[in-house]
Protein chains: 2
Amino acid sequence: MGVPVVGVVGGGQLARMMVPAAVELGIEIRVLAEVEGSSARLAATQVGDYRDVDTVMAFAKDVDVVTFDHEHVPQNVLRAMVDAGISVQPGPDALEFAQDKLRMRERLTELGAPVPAWAAVSNAEELQRFIDEHRGVAILKTPRGGYDGRGVRVVRSGEEGADWFQDFDRLLVEELVEFRRELAQLIARRPSGEIRVWPVAETVQRGGVCHEVIAPAPGAGSGANRFAEVATGIAESIAEGLDVTGVLAVEMFETTDSRLLVNELAMRPHNSGHWTIDGSRTSQFEQHLRAVLDLPLGDPAALDAHSVMVNILGGPQEEAITDRFAVAMEHVPDAKLHTYGKSARPGRKVGHVTVTGDDLDEVMYRARTAAGFFDDPDTETDTGTDTDTDTATETSTSTNTEETR
Amino acid sequence: MGVPVVGVVGGGQLARMMVPAAVELGIEIRVLAEVEGSSARLAATQVGDYRDVDTVMAFAKDVDVVTFDHEHVPQNVLRAMVDAGISVQPGPDALEFAQDKLRMRERLTELGAPVPAWAAVSNAEELQRFIDEHRGVAILKTPRGGYDGRGVRVVRSGEEGADWFQDFDRLLVEELVEFRRELAQLIARRPSGEIRVWPVAETVQRGGVCHEVIAPAPGAGSGANRFAEVATGIAESIAEGLDVTGVLAVEMFETTDSRLLVNELAMRPHNSGHWTIDGSRTSQFEQHLRAVLDLPLGDPAALDAHSVMVNILGGPQEEAITDRFAVAMEHVPDAKLHTYGKSARPGRKVGHVTVTGDDLDEVMYRARTAAGFFDDPDTETDTGTDTDTDTATETSTSTNTEETR
C-alpha cells in the first residue's frame with residue numbers, strides 16, 4: 001500500500017483538526033463536507049449529503065478507510081460501505097450504540113459497566129413508576145435524535161413525557177445523578193486490538209456546553225479519590241465490548257458518593273481531548289488516524305504536569321478575529337490558540353485555547369485569560385440552537401447535569 | 001481585518017509544514033506552487049513560475065502578506081509587489097543578502113558579525129594570493145546560483161577558479177574553517193521589531209546534507225563552551241541589521257579555537273528548526289506565520305530537555321511507505337514521524353523524525369532508530385543532484401565543511 005488515504009465523513013472542526021495530523025504524518029485526508037465553506041474546507045474533496053448512499057459510496061470508493069466527524073451517518077449507508085468491502089472505522093455495529101441511547105444503556109449494562117439507574121419506558125404509567133422510585137425526579141431521553149437540549153428533559157411526572165410517547169415506542173429514563181464533577185476518559189483502539197489511553201480529564205460544562213477541560217483530572221491519580229485506574233478500566237471494557245475503533249470518549253459522573261457512572265459515549269475525537277493537540281505526545285487526531293488505519297498507536301503521555309483547555313464559545317465576528325489574535329498572543333505568549341474557521345454564533349464552538357505547565361492555578365488562569373479575549377457579549381450566551389453535528393453530540397453530556405451542579 | 005490570509009511562494013516541504021500551523025491557528029494559507037502535486041499541494045491555489053511578475057502579482061493581489069518557501073524569487077518580482085503596496089516578508093532588501101553571498105559577507109562584516117576570512121576576487125591572481133595567505137587552500141563560491149555542491153569548490157590554486165571568472169565579475173573566496181561542529185541559531189522577528197529566539201541547536205551533516213539536529217546544542221548553555229548567549233547575540237544583530245522578518249536561521253561554525261563564525265543565512269523556516277514542531281512550545285512554522293503577519297510572537301521554549309531530529313534522506317519508494325510507518329510506529333511509539341509527500345530520490349529530503357526526552361543518549365538512539373526504518377539502500381546515498389529549492393539552500397551549509405570533518 002502506498003500513501004494511506006483516509007476519508008472523513010463530515011466537515012466540522014473535528015475533521016478540520018485531523019488535517020494537521022494527516023499533513024504532518026504524510027497521510028492523505030479527504031473530507032465529505034455537508035456544505036461549501038465547512039470548517040474542514042481545506043481537505044474537502046466533495047460536498048454532499050452523508051445520508052445518501054450513492055453520495056457516500058462515491059466518496060468512499062477509493063480511500064483506504066472511512067471514518068467520521070460525527071456519529072450521524074445512517075446504518076444503511078454504513079452497511080452499504082461494509083458490504084462493498086470498504087473499511088469503515090468505527091463500524092456500523094459500534095456506531096449503533098452511539099446512535100441509540102437505549103441500545104447503549106442495554107449493552108453497557110450487559111458488560112457490567114457502571115451506569116445510572118435506567119429503564120426503557122413505553123407509556124406515562126411506566127415513567128411515573130420510575131420517577132416514584134427515584135426521589136420524584138428523572139431524566140427522560142429520546143433514544144435517537146437528541147442533542148443540544150433537544151430530546152432530553154427533566155421530568156417529575158409521567159404526564160411530562162406524554163407527547164414523546166406519540167413519536168417513540170420506547171423512551172430512556174434515567175435517575176438524576178448527584179455528582180461532584182464530570183470526567184472524560186479518552187481511549188484509542190485499533191482493529192487489531194491495541195489500545196492506548198490518555199490521562200483521564202475533568203470536564204466542566206457551562207450552560208449545557210463543554211467549557212473547560214483539565215487534564216489530568218485533579219486528584220484522579222492519587223489519594224482517596226483515585227479514579228484514574230477505574231476510569232481506564234471502564235473505558236477499556238467498553239472499547240472492547242462494543243468493538244470500537246478509533247478514538248472513544250467515555251463521559252462519566254463522579255458521584256457525590258464516590259462512584260463513577262458512565263453518562264455518554266462519543267466514537268470519534270472529542271472536545272474533552274482537544275488538550276492532547278498541545279498537551280500530549282500523540283494528539284487524539286493523530287491517534288485516530290493511526291487507529292482507523294490499523295497502524296501502531298502513539299505514546300499518549302502528557303507533555304506537562306497540567307493541561308487546561310478552554311473553549312471559545314460564540315466568539316468574535318470574523319472581521320475582529322485578527323485583533324483578538326493580537327491581544328491574546330501578546331498577553332499569553334505560551335497559549336496555544338485554535339480557531340475553526342466558523343462564523344460567530346451564540347454558543348457555537350468556534351475555537352479553543354490550551355495552556356500547559358507545572359502549576360495548575362497558573363495554567364488555568366492563563367488559559368482562561370487567553371480565551372477570554374475572544375469573548376463577545378453578543379455571541380457568548382447560547383440563545384439559540386446550534387445544529388452543528390459535532391456540538392450536538394458533545395453537549396448531550398450535560399443532559400444529566402444542569403440541575404445538580 | 002478578518003481572517004488573515006498568508007500567501008506562500010513555493011510549494012516545497014517548508015510551505016507544507018506551514019499548513020498545520022495555519023489550520024490550527026485559523027489562518028488561511030495559499031501556496032503558489034511550481035508544479036502540480038507539490039509537497040504543499042493541499043494548500044496550493046495556483047501553479048506557476050515564481051520568476052514571472054504577472055504570475056506572482058496575480059497570486060499576491062488578495063492576500064494579507066506574501067512570504068516564501070525559498071529565497072529564490074527574483075528582486076524585480078519582489079519589488080513589483082512592494083511597489084503595489086503588498087506586504088512582503090521578509091522584504092527584498094533582506095532577501096538580497098540571502099541571494100548574494102558576496103553582499104551577505106560585506107554586510108555581515110559591516111555589522112561586526114564574526115565571519116570566516118573572506119575576499120571578493122576578480123581573477124586567478126587575486127584568488128592565488130588569498131590561497132597563499134590561508135595555508136594553501138580556500139573555498140571558492142559563486143555569489144549567486146550556488147547550491148548543493150554547485151557554485152562551491154575547494155581550491156588550492158588560482159587556476160582552479162579560471163572557468164568561473166568567465167561567468168562572474170567577482171567571486172567569493174573564504175578560508176577553509178577548521179571547526180569542531182556546526183550550530184544553528186533560529187530566531188524570529190516581526191516587522192514591528194519583536195524578536196524571539198529558540199535554543200541554539202547543533203547540526204550534523206552527512207554527505208553534504210543536514211542529517212541530524214540536536215537541540216539545545218549539548219554544552220552550549222553552560223561550562224567552558226558556553227556559546228548559547230554568543231549565538232543569540234549574533235543572530236539578533238543580524239536579524240536587526242539586515243531587517244529580516246519571519247524566521248531566520250543563522251548557521252555557524254564552532255571553530256577548533258573556540259570561536260563562532262557565521263557560515264550561511266536562511267530567511268525562512270529551516271531544516272535546523274524542524275525539531276520545534278514537536279519540541280518547542282511554538283514551532284518555527286507557527287512563529288513564521290505570526291511574524292510575517294506582524295502578530296505577537298509565541299513562546300519558543302523547549303518542551304523537553306533534549307530534542308533530536310533525524311532527516312529521512314532518499315526514503316522508501318512510495319508503495320512501501322505504509323509498511324515503514326507500521327514498523328517505525330511499532331518500535332518507537334514516542335517518535336514523531338513526518339513525511340513530505342515527495343517521491344523517493346537519492347539524497348532527497350522526504351521526511352524527518354523527532355524524539356524528545358530527558359536523556360540525550362536515549363533520545364538520540366530512538367530518533368535514529370525510527371528514522372532508520374525509512375532508509376532504503378537504493379535512495380539513501382546522494383548520487384545525483386536534487387534541484388528542490390528548499391534542499392538547495394540548506395545544503396550550502398556544508399560547503400565549508402566536508403574536508404574538515
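The backbone N, Cα and C atoms fix where each Cβ goes, and this holds for glycine too.
TrEMBL labels come from automatic prediction, so no person has curated them.
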**Request:** Given that TrEMBL annotates A:K141, A:E174, A:E175, A:L176, A:V177, A:E182, A:N263, A:E264 as binding ATP, state which candidate in A:K101, A:K336 belongs to that site as well.
**Result:** A:K101
**Asked** So which of the binding-site residues is most packed in, judged by how many other Cβ atoms lie within 10 Å of its Cβ, out of A:E174, A:E182, A:E264?
**Response** A:E182
**Message:** Which secondary structure state does DSSP assign to A:L176 (ATP binding site), in the simple three-class scheme?
**Reply:** coil
**Fill in**
Between the two most distant Cα atoms of the ATP-binding residues A:K101, A:K141, A:E174, A:E175, A:L176, A:V177, A:E182, A:N263, A:E264, the distance in Å is 19
**Complete:** Per DSSP (helix/strand/coil reduction), A:K101 (ATP binding site) sits in helix
**Prompt:** For the domain 'ATP-grasp' (A:105-293), what's the model's average pLDDT?
**Reply:** 93
**Request:** Have a look around A:L176 (ATP binding site) and count the other CB atoms within 10 A of its CB, chains all included.
**Result:** 21
